[in-house]
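Here's the structure, in structure tokens; my notes come after.
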């Protein structure tokens, strides 16, 4: 009997744990979703509205053109072509997206984060130096690797990461992301190119530099390669 009671207790605990897990909040699919008390002010959902399934067709799940090289003649020498819920409606609620990354020689996909997704990167052509930095609690450790054609590397969700073409020819990579809308925060753009600008006193103290340096950086044009 003790064994039966033990089994029942264990099953009850597992059932309660499962209930707690299933009761957790869904992952955010946008930067924020402010609650409304009165829906007359507008209705937005965490993600996209859904089409009537009976009206869906094959084109809702189709995107064409990733075979074409992108223009990398820009200040950072790279171009990211994202395929997410904004341009492939069938991805809505599926929790995945894709991107093609083109690099000129010495081209850089600058340090950035995806607040809502992990990323897995596969190199199709060229040689990339890639890496990510862990969180403060882990000591901001840097993990890097030089990737060649056919190599794969993973960037954990939310961590700052980058890719640099260290070869003498163009490079191409494809990335899979674990969100239909992973989001991108390019660190330099966000810190020095925010609108309106961050108070220079904040940045001067944070980066421990002269205010003239901060003023110079805030006046630069921060290119968005996405």
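Each Cβ is built from the backbone N, Cα and C atoms, and glycine gets one as well.
The annotation oxalate binding site is assigned in TrEMBL to 109, 114, 119. Under the heading Mn(2+) binding site, TrEMBL lists 112, 114, 119, 161. Residues or ranges marked as disulfide bond by TrEMBL: 33-50. Residues annotated as domain 'Cupin type-1' in TrEMBL: 64-215. Feature annotation from TrEMBL assigns signal peptide to 1-23.
Sequence features annotated in TrEMBL and their locations in the structure.
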residue : record               : contacts (Cβ under 8 Å, 6+ apart)
50      : disulfide bond       : 92, 93
109     : oxalate binding site : 76, 78, 80, 101, 103, 162, 163, 164, 225
112     : Mn(2+) binding site  : 160, 161, 162, 184, 185, 186, 187
114     : oxalate binding site : 155, 157, 158, 177, 179, 182, 183, 184, 185
119     : oxalate binding site : 154, 155, 161, 175, 176, 177, 178, 182
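The number of other Cβ atoms within 10 Å of the Cβ belonging to residue 161 (Mn(2+) binding site), over all protein chains shown, comes to 22. Cβ-based neighbour count (10 Å, all protein chains) for residue 33 (disulfide bond) stands at 12. Excluding the listed site residues 112, 114, 119, 161, the same chain places 113, 117, 132, 155, 159, 160, 182, 184 with Cβ atoms within 8 Å of the centre of the Mn(2+) site Cβ atoms.
Same-chain residues that are not part of 109, 114, 119 yet have a Cβ within 8 Å of the Cβ center of the oxalate site turn out to be 99, 112, 113, 117, 121, 155, 161, 163, 175, 177, 182, 184.
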